[in-house]
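Features of the protein shown, as given by TrEMBL:
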DOMAIN    A:40-163  domain 'Cytochrome P460'
């Protein structure tokens, strides 16, 4: 009887770290530092806003997609973007097409970058929260400190958003 | 009485050209030669398959999107693509970003290119119908004669489709 009880206790205690891991899998561990932004569910199904290309050293192809709130705001030329707007930039290394000499296609995925509009929560950064993810994990706090400074310096007049809706 | 009848006749006859225009607006005039492919409704909302870049002289950024049937086939690595698959390639002139030196963004839209899978209707061209459109209007028959020959020469083993799903 005691042997069984001890065995049960060992089994339960062994499980604890795994249970904690599961509980936090989509929690704080996957949220960006400073902003607490996560990769939104189902973003790959979202509508395309525009593709882009980034020269070396990054040497990437990119595609920015947005949720319904984002697309509606773009189509109505509405600035600032309303709360609830989410923009996601997907990025891949540029890769030579194996079948067509003049074509460049997506290689390995590099980063996923997210902007979330919440004018109250992110009042000190133009109403935007930022997240930069590699393999689903946020990069460090130092990198996240650079997001708003760059957007503010270059596209403050466009509500801090670089990407325009492709015609 | 006769005056009224004549007036009515004039009004009706005046309307005929407009009625014909309306009736054919989404009809044969907007379908591609050879294949009768049209630009599908709502394709801008479709899910992204991959962006791409085309070097000079075309000098374009591109994005291929697909309907649900297409996306499902890609995700299941299903070849050949099932009937009902529709792929749409959007294309824009490459343009220097006004705000970021290393970034290239979409300029003016150039062509919209469509592939429709119907293994019976298009049996003689690998099961695919092709359409190339500029400003919503199909280009000429000579250009459409080149579609299948190129796809057949380069990607026959991939069910005649160049674009892979971006990772």
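The backbone N, Cα and C atoms fix where each Cβ goes, glycine too.
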Summed over the domain 'Cytochrome P460' (A:40-163), the DSSP helix, strand and coil counts are 32 helix, 50 strand, 42 coil
Quick one: average pLDDT across the domain 'Cytochrome P460' (A:40-163), no decimals. 97
